[in-house]
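Over in Swiss-Prot, the protein carries these features:
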| type | residues | note |
| --- | --- | --- |
| BINDING | LEU8, SER9, GLY10, GLY11, MET12, ASP13, SER14, ALA15, VAL16, VAL17, THR18 | ATP binding site |
| BINDING | CYS186, CYS196, CYS199, CYS202 | Zn(2+) binding site |
Amino acid sequence: MKKAVILLSGGMDSAVVTAIAQSQGFMVHALSIRYGQRHTSELDAAVRIARALNVVAHKVVDVDLRSIGGSALTDDIEIPDAGGEGIPVTYVPARNTIMLSLALGWAEVIGAADIFCGVNAVDYSGYPDCRPQFITAFETLANLATKVGVEGTQLHVHAPLQFLSKAEIVHEGLLHGVDFGLTVSCYRADVDGRACGRCDACKLRAAGFADAGVVDPTRYMELPCSLLLL
């Protein structure tokens with residue numbers, strides 16, 4: 001069987017991507033990054049998901065992006081309830097570039113030619129490293145910057161959720177047997193994984209379940225507007 005490295009954050013998108021990769025016959029090696037995020041319960045979720053999906057291997061790698069700063073997800077910066085114009089304060093500088101680079105390194109070591117990530121360009125919050133152009137550019141980089149790429153192995157970066165709405169992602173996850181109750185998406189999630197219900201991530205998640213007509217298993221401390229209107 002072919003091997004693949006999947007970036008597994010602990011959120012719903014990466015859980016669905018992990019299940020998709022397995023359904024395509026890949027031996028899944030899941031990679032989670034402890035980068036200094038304040039919502040550390042998502043890493044606990046990543047461990048739960050990896051166990052539930054019975055992945056071949058799961059690594060949690062430490063990268064201290066908090067020492068660099070520049071994001072409300074790592075710094076003591078207020079996380080807004082509503083998104084504003086431009087790139088939001090929850091953007092972590094170069095995060096996806098760094099994470100994909102780590103995934104690329106592990107892929108080269110284990111002999112995997114495929115990397116999967118859960119970036120989404122439809123319901124994304126304005127992050128530049130969630131755009132299709134970024135994924136295409138990184139795949140080009142991967143083939144230029146690695147020993148295996150130079151020697152002729154074609155490396156692929158897959159973003160199967162790239163053009164799906166959150167509702168479509170919910171349906172895709174259910175189709176592949178994902179237990180969304182194991183996942184954590186909230187930027188302010190507490191140590192037990194309970195979601196705030198107010199941040200942009202919570203709103204997108206709740207709206208996705210509502211639009212899909214599926215019960216949201218998330219434990220919210222405060223119900224998002226999309227659920228209050230049901």
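The count begins at 1 with the first shown residue.
Placement of Cβ uses the backbone N, Cα and C atoms for every residue, glycine included.
Since the structure is predicted, the reported quantities are computational estimates derived from the model, not experimental observations.
Annotated pair GLY10 (ATP binding site) and CYS202 (Zn(2+) binding site), C-alpha to C-alpha distance, rounded: 14 Å. With respect to CYS202 (Zn(2+) binding site), the closest of these binding-site residues in Cα terms is MET12, chosen from LEU8, MET12, SER14, THR18. Within 8 Å of the centroid defined by the CB atoms of LEU8, SER9, GLY10, GLY11, MET12, ASP13, SER14, ALA15, VAL16, VAL17, THR18, the record's ATP site, lie the Cβ atoms of ALA46, ILE49, GLY118, THR183, excluding the listed residues themselves. Of MET12, SER14, VAL16, THR18, all annotated as binding-site residues, the residue with the shortest Cα distance to CYS196 (Zn(2+) binding site) is MET12. When Cβ neighbours within 10 Å are tallied across all protein chains shown, the highest count among the binding-site residues LEU8, CYS186, CYS199 belongs to LEU8. The highest number of surrounding Cβ atoms within 10 Å, among the binding-site residues MET12, CYS196, is found at MET12.
For the pair CYS186 (Zn(2+) binding site) and MET12 (ATP binding site), the Cα-Cα distance reads 10 Å.
CYS199 (Zn(2+) binding site) and VAL16 (ATP binding site) are 21 Å apart (CA-CA, integer value). Listed in chain order, the extra residues whose Cβ falls within 8 Å of the Cβ center of the Zn(2+) site residues CYS186, CYS196, CYS199, CYS202 are SER185, TYR187, ARG188, ALA189, ALA195, GLY197, ARG198, ASP200, ALA201, LYS203, TYR220.
Looking only at the binding-site residues MET12, SER14, THR18, the one with its C-alpha closest to CYS199 (Zn(2+) binding site) is MET12.
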